[in-house]
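Chemist: The structure under discussion is supplied below as structure tokens; questions concerning it will follow.
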Amino acid sequence: MAGFYRSTYNNPDGTQGLLAVSQMEPTDARRAFPCFDEPSLKAEFTVTLVADKKLTCLSNMDVASESEVKDGKKAVTFNKSPLMSTYLVAFVVGELNYIETNDFRVPVRVYAPPGQDIEHGRFSLDLAAKTLAFYEKVFGIDFPLPKMDQIAIPDFAQGAMENWGLVTYRVVDLLLDEKVSGATTKERVAEVVQHELAHQWFGNLVTMDWWDGLWLNEGFATWASWYSCNIFYPEWKVWETYVTDNLQRALALDSLRSSHPIEVPVKRADEINQIFDAISYSKGSCVLRMISTYLGEDVFLEGVRRYLKKHAYGNTQTGDLWAALGDASGKSVEEVMDVWTKHVGYPVVTVTEKDEKTIQVKQNRFLRTGDVKPEEDKVIFPVFLGLRSKDGIDESLTLDKREDSFEVPSTEFFKLNANHTGLYRTSYTPERLEKLGEAAKKGLLSVEDRAGMIADAGALASSGYQKTSGVLNLLKGFDSEKEFIVWSEIISRVAAVQAAWIFEDKAVRDGLEAFQRELVSPRAHQMGWEFSESDGHIEQQFKAMLFGSAGLCGDEKIIAAAKEMFKKFIAGDKSAIHPNIRGSVFSIALKYGGKEEYDAVLNFYRTSTNSDERNTALRCLGRANSPELIKRTLDLLFSGEIKDQDIYMPTAGLRSHPEGIEALFTWMTENWDELVKRFPPQLSMLGTLVSIFTSSFTKKEQLAKVEKFFEGKSTNGFEMSLAQSLDAIRSKVAWVERDGEDVAKWVKDNKYSA
Ligand code: BES
Ligand code: ZN
């Protein structure tokens, strides 16, 4: 799935179809044609493709001419492209269907191979036309190409790729059958489309001058997709989701010693591939959200327009963006932002109270393993305090030294990092945290504040700043919470404790499961699991999440309901399971079932023609935890029945139980040579796989086992993922050692276990 490669699909008549497609980013254009393959060496491309007459040929530009060449083939020549980087060049040749809209200045199309209902491209097609018009306005520059194509590719390593004028997608990230897919899938499709279209400006028109500036592409496209999604679908409230999604992803990865600065030196292809990670995407976008809040959104966008205009068809470094934002705002942006992109990590801000009107704040480097050494805690970050008080939000306060005191209107009520637009964790005293819990109940905090505060508390417990029992008490106190996103963070944080405790005594694990049940079951029963046309987008996701969470921690009523639905579904009534809860019903059926359920889900995978349905089946299979069924799931990986692009899917369910986690690692050690052969280190997937096969471990012995296996082996292409997995295991080892007794006692004291 790199360079100019073949992709296969099933024709409606059962024969196999072939597609020739390309994926050049970051350094595979050189596999397709000789070139100076670096982002700053831009060129104009005139592409000619020679192919069978009946096939469709696509490239970045529109067709200039077609002529017949020997053997009855045709030569299709495309118009000359503007000045562009090699990694954005694209070719596609195959039998293709398309739909088109003229709602935008230039024609917009969605293409798909036969066997896909092209009408499923309608949502992405319309959204693309609207989004292009919107970006032209916001970015102040017209889309410069004569057409915009988007195409579904059956074999694709990434989610999508922003080739200028010809964006390539995984089938599930472009085509949407609203009868078959739920609310979460729809939101994902919108995100991917709006992300790739943002690149048409950020990345394609203005390009980083080297890969160490990758965040300028990926961080910005991530920020822009959220920004535009919020405009088109305000009722989805995606900026609330952002706090539990990108912000937590950034803070999670960047809490590891083996994280890296946003701007990190990279040379070899196998190094470049590894920085397409949560630092470039999520932390990058968080840095933009932070500066946008600090400057105000209008000023921020004015700076963005100046940046794009000044550097159109050129290349930039991070400083160029800060300069344009400084220019637009009259503020020294570079001074405050440089530290965030040049240094690894972020601070934890500890707050204490001096008197009724003064707080003392202190920053220190935050590490999840809780073992910061003095030499790792030298950088002072400019921390935007975002003080929320009875008078509203004060965005002007900045902590730019180690420690300082600040006046607040009253310590009766205050919270830092209003809406969690800052990149840090806040550590409050237990008494203050309790007061904030009460403030949450009184409606004094935003959804972002509540979710972010829970996330901070959870992360601080896992690294030893607080007792885990304290966080469990805090979560328990949120039982009257009404918002989806806050619940989503509560459930994630309980899950994080459970994941770290997964190899501990059954009594404690059962106790945690009982706690989870007490938290989610009443609300799950109250909201129910019926879906109707009138349910809002968030309400659908909320019901689905509670149903799945309660069912998988043993809620008898929901298990019975799921089994009932599953039975009808397998008997042929496809409407028995709503798409929003398909994954949960399958998972519950497999967790509390046996071979019969397993065969049914596998059969569903084999017979469904919809990629979203097939993916659900694959992701759930691993939930079955008998030795025989674990083996069958693992045997699937190299069976030829699963495309390489989907190899990680069956591992998802296996990671939910101790037997699966052990079996995954063993399988990896036994199949290592074959894995490396199929997923060469210079391409991007091996790192993801190594992390999947190792990072769920929690014990010292397991850590040693992983280290021993890789001892003496080349780790090129995945050294970052491996180091991060090892750090993640270390942090869990330390957490359980530190708070094992604390949690056991809490579970007992609260009567969750005998
Ligand atoms: N430029 C990337 C695709 C890419 C990733 C190329 C890694 C080479 C290596 C593209 O814009 C992208 O970011 N795609 C994301 C989807 C997006 C919505 C976050 C993906 O592939 O998951
Ligand atoms: Zn991207």
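Positions of Cβ are set from backbone N, Cα and C atoms, glycine also.
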Chemist: Looking at TrEMBL, HIS195, HIS199 are annotated for Zn(2+). Which of GLU178, GLU187, GLU218 sits in that same site?
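Modeler: TrEMBL names GLU218 for this Zn(2+) site.
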Chemist: Which residue counts does DSSP yield for the domain 'Aminopeptidase N-like N-terminal' (1-88) in the helix, strand and coil classes, in that order?
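Modeler: The composition, in the requested order, is 10 helix, 39 strand, 39 coil.
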Chemist: To the nearest Å, how far is the Cα of TYR281 (site 'Transition state stabilizer') from the Cα of HIS199 (Zn(2+) binding site)?
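Modeler: It is 13 Å, counting Cα to Cα.
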Chemist: Just the number: how many Å between the Cα atoms of GLU196 (active site, proton acceptor) and GLU218 (Zn(2+) binding site)?
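Modeler: The Cα atom of GLU196 (active site, proton acceptor) is 10 Å away from the Cα atom of GLU218 (Zn(2+) binding site).
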